[in-house]
Amino acid sequence: MRDQIDKQSNPFCPLSTGGWSGGGKHNMRKKSPQSTVSASQAFFTHLSCGLALAAGFWVSHNVYSINLVSHPDHTLFLIWVIQCPLVVLFYSCFRKNPEKCLYLKAVARGLLGLPLGALLNALGALALGAPVGIQYLKRTINWSLMMSLFTVVPATSVYGSSWTDWHRIFAQTKPNGALDYMVCLPAHGALIGAWFGAWPMPLDWERPWQEWPVCVSYGAMVGYAVGMVGSFALVLAQGKQKYRKAE
Amino acid sequence: MLQFTCTKLVLFTVAGVIVQIIGLSLFVFGFFPVKPSLSGASGPESFYEPICDIVENRNVTTLHPEQLKHLYQELSGIPPSFDRLILMVIDGLPAEFILGKDGQPPSKKLMEAMPFTQSLLASGLAIGYHAKAAPPTVTMPRLKAMVSGAIGGFLDVAFNFNTQALLDDNILEQFFRIGRKMVMLGDETWLKLFPGLFTRHDGVSSFFVKDTVQVDQNVSRHLGYELSKDDWNLLILHYLGVDHVGHIGGRSSVLMPSKLMEMDEVVKMIHSRTMETQENNQQRTLLMVVSDHGMTENGNHGGSSYEETDSLVLVIGLRNHASDYASAIQNTAHQVDIAPTLALLFGVPIPKNNVGVLISEAFDALKDDQQLRALELNSWQLLRLLQEELPGLPCQKFPCDGFSNHQGSCTNECDHSIERKLCSLYKNAADLHSSWKSKKGSQSSSGKDYSYTVAAYYKFLKSASEWLSCRTTEKPVSLLAAGVVTMFISCMILLSLIFGLVRDVYLPANRQISNSTDSRERWSLVDKFVLGVVLILIISMGSSSMVEEEHYIWHFVLSTYYLLLLRKSAQSLTTIGTQNSFSLFKGEKGKNYLWLPFVIMLLISGRILRGWHQGGVNWTSLPDISTWLEQSGSDLVKLVQLISAILVISLGLFALLLLGSKGKLFMMVKFSFLISGLLVLLHILKYQDDTLASSNFGATFLAQAIYAILGTATLGTVVALPWVIPLVISTMSSNLKILSPSLVSVGIQDKFPVVELRDTLYMSGWAYVIFWCLLQLLLQQPINSTPILLLLLQILASILYYSSDGMCYKELVEVAALYYLGMAGHFALGNSNTLATIDVAGAFIGISSHSTLLSGILMFIITYASPMFVLLSLLLYISMKTTSYLVIPEKADSGNLLIKLLGLPCLVPLGLNSILLTAYTVVLLLMRNHLFVWSVFSPKYLYVCATTVCNYIGVCIVASTGIYTYLVLTIRQRRQVAIK
């Protein structure tokens with residue numbers, strides 16, 4: 001029944017149209033709006049996000065023949081532009097209360113969350129010592145848009161403006177259920193990765209990648225990837241647990 | 001369970017601090033050995049025996065160089081063997097490349113790379129030495145060792161931070177004094193060491209390590225011209241190429257053979273050209289090819305391994321020297337031996353601090369008596385140095401006319417074996433020498449006697465040299481180990497005190513208050529992070545560039561902490577709203593929303609502080625606010641400075657007014673702070689902009705007046721306030737209500753004057769803070785006024801945040817965070833871990849006559865402005881933090897209260913500092929062979945030591961003020977009760 005609603009309301013949702021082997025069954029079984037995610041859905045979502053990241057690199061390298069070190073702002077721009085539709089479209093499928101909330105609305109609030117999250121990320125980075133200046137402006141904007149896609153946009157698409165959910169994910173860091181894992185772990189991974197990525201910056205190695213925001217971006221991406229793998233593992237583990245309980 | 005009493009705690013703390021001081025001084029004396037250094041330069045007196053004080057004090061400076069030259073020649077009795085010297089320094093060339101190792105010639109590839117040099121060695125025209133260099137094997141200290149014969153210590157480099165010029169006696173200076181002309185081509189280090197000594201020079205920079213070709217071409221391009229000229233006596237060539245090749249590709253780099261070939265060509269060219277000139281105009285030229293240090297397999301240097309210390313001395317041009325190849329490559333010497341050898345060969349006095357021994361083969365061409373004379377001169381110079389080191393050296397007591405009749409008395413007079421040994425060695429040599437001299441006329445048995453004398457002299461020289469150089473380079477392991485262990489013990493004492501305090505005093509009290517085991521505070525993420533920062537700092541200390549860029553770390557961890565605080569506050573935001581948890585004080589709820597402006601202010605002002613001075617070493621060229629302001633003009637700087645100063649002063653006065661107490665003393669205090677604030681403003685307006693005026697009488701007087709008024713006002717406030725503050729008995733109308741909720745239960749207030757204590761501490765704390773701010777406004781550079789204001793804001797915001805944080809018991813974490821704030825501010829004021837950033841100019845404000853002590857104190861005040869600021873503001877923290885709830889009325893005694901108020905705020909800075917100090921000591925010990933040990937790690941160690949001193953002073957002030965105030969108030973209360 002939910003599949004039907006999904007199909008009716010969001011013809012673009014990439015996850016509701018495909019012939020999912022496990023997805024439909026799991027969805028049918030679960031009543032709670034929190035646990036509408038199966039392991040395969042989580043896997044596919046994370047895989048596409050990861051592939052989008054790789055595609056960003058591929059496009060910038062092969063089409064424009066630039067890379068993160070030589071043209072950080074342009075490369076970051078390509079990455080977030082390619083990443084953005086995938087993240088928004090995928091995570092909007094998992095929106096809370098899909099009965100009440102239209103797919104397009106989730107997409108819209110995801111898109112709205114992009115600049116807001118970028119602002120938050122940029123402010124955080126500046127507070128932590130990111131350089132201020134006209135020559136860094138483009139890089140900072142593109143970097144924070146990318147970070148926003150890693151951290152804030154999934155949460156806005158999924159939870160909207162529900163304070164309790166935000167509080168649970170970002171203030172308490174107490175993810176509860178598969179969906180929470182999928183939002184929480186990659187976001188925290190990206191933040192922690194970016195934090196660690198900043199450490200080589202003051203060293204005197206005189207490498208071009210020590211520039212803002214190259215190594216921070218690398219750190220964030222690594223953290224994001226680790227977060228996605230972790231989230232998938234947890235979703236898998238949880239699925240098994242529930243399966244056992246159900247049996 | 002260990003119970004703390006007040007006296008016990010104080011005793012343990014003091015013991016810990018004293019143990020730490022002992023450990024620190026043990027380590028410092030072990031690690032930075034003080035070099036036996038004699039000031040001044042050797043003059044004619046060096047040609048007389050040191051034990052006679054009969055040398056007429058002839059003023060050599062008035063003599064014309066030519067006259068001086070003749071005087072030296074006449075006194076020394078050794079005719080100069082050479083007229084000209086070419087000193088060719090090949091940076092980083094290991095002697096192994098030319099002389100091989102263990103008597104074996106070098107590999108075939110290397111032999112082929114330098115065919116000419118090898119042919120010289122084989123034909124006996126040259127003689128090579130493995131000259132052992134002393135660590136640190138870095139160019140500048142090694143050059144100093146070569147020309148002065150002395151092995152420098154670190155501290156004399158560190159305390160010499162304004163000049164790089166070599167101030168010690170050295171052969172270049174001696175050459176210059178007798179009018180020798182000198183030319184230098186090559187590494188510009190020579191120009192830094194000897195400014196103004198060279199007639200002509202062409203310096204190249206060793207900065208571009210990647211460049212291996214141009215750097216040597218720049219040296220060789222003038223070589224032909226210089227060799228054709230005959231107006232110089234000393235030509236120094238310093239080739240950097242080999243070192244650069246090593247840094248790029250290591251010893252077996254593919255570039256190495258061609259580079260060596262190039263060096264060989266240079267040697268060949270010099271040799272052939274000097275041969276020509278020698279035949280033409282009878283000028284005898286000595287070519288000395290030396291290297292300053294070797295290199296490891298990877299091409300690095302700086303440490304003390306054999307590969308690095310194996311430097312080369314190759315003497316070309318000694319006459320009638322017939323030796324076979326094997327004996328030409330097997331000799332060993334020390335790098336410091338170059339100085340006395342050259343000095344004696346060229347007829348100048350041996351530099352005063354030389355510890356080297358002349359190279360015997362260089363003097364083979366001389367007559368026997370001249371050779372003995374050279375040995376004698378070298379011995380006398382070393383004896384002088386020994387006398388400085390060992391004041392009890394008995395040889396000096398001998399009259400200078402007779403030697404023979406004192407043979408036996410030496411042993412009776414000396415107690416120490418080393419003194420006795422050196423003394424008897426010298427006596428032996430001197431006796432043999434004098435007997436040889438007396439027998440010389442008869443020509444009876446000179447051959448045997450002569451060789452005995454030479455052997456005796458060498459024995460003395462070698463052992464004296466060895467002993468002297470050991471004194472300067474040896475790091476006494478036992479001393480270092482004892483120092484580290486002692487520091488570790490003190491660190492353990494202080495840490496166990498802190499943890500004991502937390503366990504015994506804070507946790508039980510907290511349990512009592514919170515009533516439920518469930519809400520017993522666990523260590524939250526913020527707390528873990530704050531404690532983890534210590535670990536981050538310790539790890540980062542191991543990297544030289546992290547030490548150079550330490551300000552990044554402090555700012556990064558501090559702003560991360562503030563962001564985590566935001567997160568933590570966001571956590572509590574909804575727990576208050578949603579959970580109906582048990583809350584002891586309902587009034588506290590509103591307080592929880594106060595955090596936001598404080599944390600945001602902390603973040604913003606922290607970021608501005610970070611951007612104010614770029615700081616560090618590697619990224620100084622990046623733009624920062626201070627350079628931007630300074631480039632925009634002095635008017636803008638002044639405006640910003642005035643605004644910050646006025647804001648600081650009005651903030652301070654506002655805080656004092658807020659207390660609202662009336663009475664003569666309060667008025668006096670406010671008035672005197674206002675006056676001194678205005679005077680500081682006047683000083684800024686009138687004197688600070690031009691440097692000329694700052695040294696005149698008016699400015700000095702004004703500054704002194706400010707010191708006096710500020711000092712009296714602060715001291716007066718702190719001392720007199722406890723006596724005059726009105727005691728409130730059993731009424732809860734505290735005038736502090738606005739600032740912090742009074743949670744004092746009536747039971748405690750009856751027993752102890754808690755409210756008054758906190759009022760007084762609040763007032764004293766503000767007095768200290770205003771005192772310190774005004775002092776800094778006066779002393780700091782104009783550009784640093786805004787950082788002072790921002791620091792004040794940050795400290796106030798943190799303290800207000802902590803006091804509004806309700807019942808949080810984690811004083812440990814809060815005081816640690818304040819300590820970090822102080823360290824971050826230290827770097828925000830433009831300080832760094834190099835000695836170059838110490839503001840020397842400000843250290844003379846208000847000092848009328850030159851006084852090292854006073855300007856040292858001022859320099860300390862300027863440099864440690866921020867850590868001290870935080871420590872002084874701890875009194876404010878104590879007075880505003882609601883800690884008195886910790887006291888359980890039934891159990892409370894006077895010591896308990898005091899411990900709870902002062903315990904952690906005093907112990908945490910000491911504990912943190914002891915951790916960092918101990919860790920850094922271990923790091924320094926591990927890094928003792930690192931390339932940057934003298935340039936990066938050792939200056940940082942000096943800063944760490946100074947921070948330790950700063951902590952002692954600050955904690956001492958806080959603790960004594962707290963205890964004094966408390967004692968006075970208790971006495972007064974008892975009296976009042978007694979009267980009733």
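Cβ from N, Cα, C; glycine included.
Per TrEMBL, transmembrane segment is recorded for B:9-32, B:479-502, B:523-546, B:552-570, B:591-609, B:639-658, B:705-729, B:761-779, B:785-804, B:816-847, B:897-921, B:941-969 (among others). Among the features that TrEMBL reports, domain 'GPI ethanolamine phosphate transferase 2 C-terminal' is placed at B:529-643, B:776-963.
Long-range contacts of the transmembrane segment (B:523-546) within the same chain, counting only residues at least 6 positions beyond its ends with a Cβ under 8 Å from a Cβ of the stretch, are 553, 557, 560-561, 564-565, 567-568, 617-618, 810, 813, 816-817, 820, 912, 915-916, 919-920, 923, 926-927, 930, 932, 936-937, 940. Here the domain 'GPI ethanolamine phosphate transferase 2 C-terminal' (B:529-643) has, by DSSP, the following mix of helix, strand and coil residues: 86 helix, 0 strand, 29 coil.
Same-chain residues lying 6+ beyond the ends of the transmembrane segment (B:639-658) with a Cβ under 8 Å from its Cβ atoms: 629, 666, 669-670, 673-674, 677, 680-681, 684-685, 688, 738-739, 763, 766, 769-770, 773-774, 777, 782-783, 785-786, 788-789, 792, 796. The transmembrane segment (B:705-729) makes contact with the transmembrane segment (B:761-779), as judged by at least three Cβ pairs under 8 Å among residues 6 or more apart in sequence. Mean pLDDT, taken over the domain 'GPI ethanolamine phosphate transferase 2 C-terminal' (B:776-963), works out to 84 on the 0 to 100 scale.
Proximity of distant same-chain residues to the transmembrane segment (B:816-847), defined by a Cβ-Cβ separation under 8 Å and at least 6 residues beyond the stretch ends, is recorded for 158, 161-162, 530-531, 533, 547-548, 550-551, 554-555, 557-558, 561, 606, 609-610, 612-613, 615-617, 626, 694-695, 699-700, 702-704, 706-707, 778-781, 783-784, 787-788, 790-791, 794-795, 798-799, 854-856, 858-859, 862-871, 873-874, 877, 908-909, 912, 936, 939-940, 942-943, 947. Here the transmembrane segment (B:941-969) has Cβ contacts under 8 Å with residues 10, 17, 20, 24, 28, 158, 718-719, 721-723, 725, 727, 753, 756-757, 760-761, 764, 768, 823, 833, 835, 860, 863-864, 867-868, 870-872, 874-875, 878, 894, 897-898, 901-902, 905-906, 909-910, 913, 916-917, 920-921, 924 of the same chain, all six or more residues outside its ends.
Against the transmembrane segment (B:9-32), the recorded stretches B:479-502, B:552-570, B:761-779, B:897-921 differ in Cβ pairs under 8 Å, and the greatest number is found for B:479-502. Sequence-distant contacts of the transmembrane segment (B:897-921) (same chain, six or more residues past either end, CB-CB distance under 8 Å): 4, 6, 9, 13, 16-17, 20, 24, 27, 483-484, 487-488, 490-491, 494-495, 497-498, 501-502, 505-506, 509, 534, 537-538, 541, 748, 752, 754, 757, 811-812, 815-816, 819, 871, 874, 877-878, 883-884, 886-887, 940-941, 944-945, 947-948, 951-952, 954-955, 958-959, 962-963, 966. Beyond the ends of the transmembrane segment (B:479-502), by six or more residues, the same chain brings 2, 4, 9, 12-13, 15-17, 19-20, 22-31, 812, 899, 903-904, 907-908, 910-911, 914-915, 917-918, 921-922, 925 to within a C-beta distance below 8 angstroms of the stretch. For the transmembrane segment (B:761-779), the residues of the chain that approach it from at least six positions outside its boundaries are 644-645, 648-649, 652-653, 655-656, 659, 669, 673, 676-677, 680, 683-684, 703, 706, 710-711, 713-714, 717-718, 721, 725, 736, 739, 785, 788, 792, 795, 842, 845-846, 858, 861-862, 865, 868-869, 872-880, 957, 961-962, 965, judged by C-beta separation under 8 angstroms.
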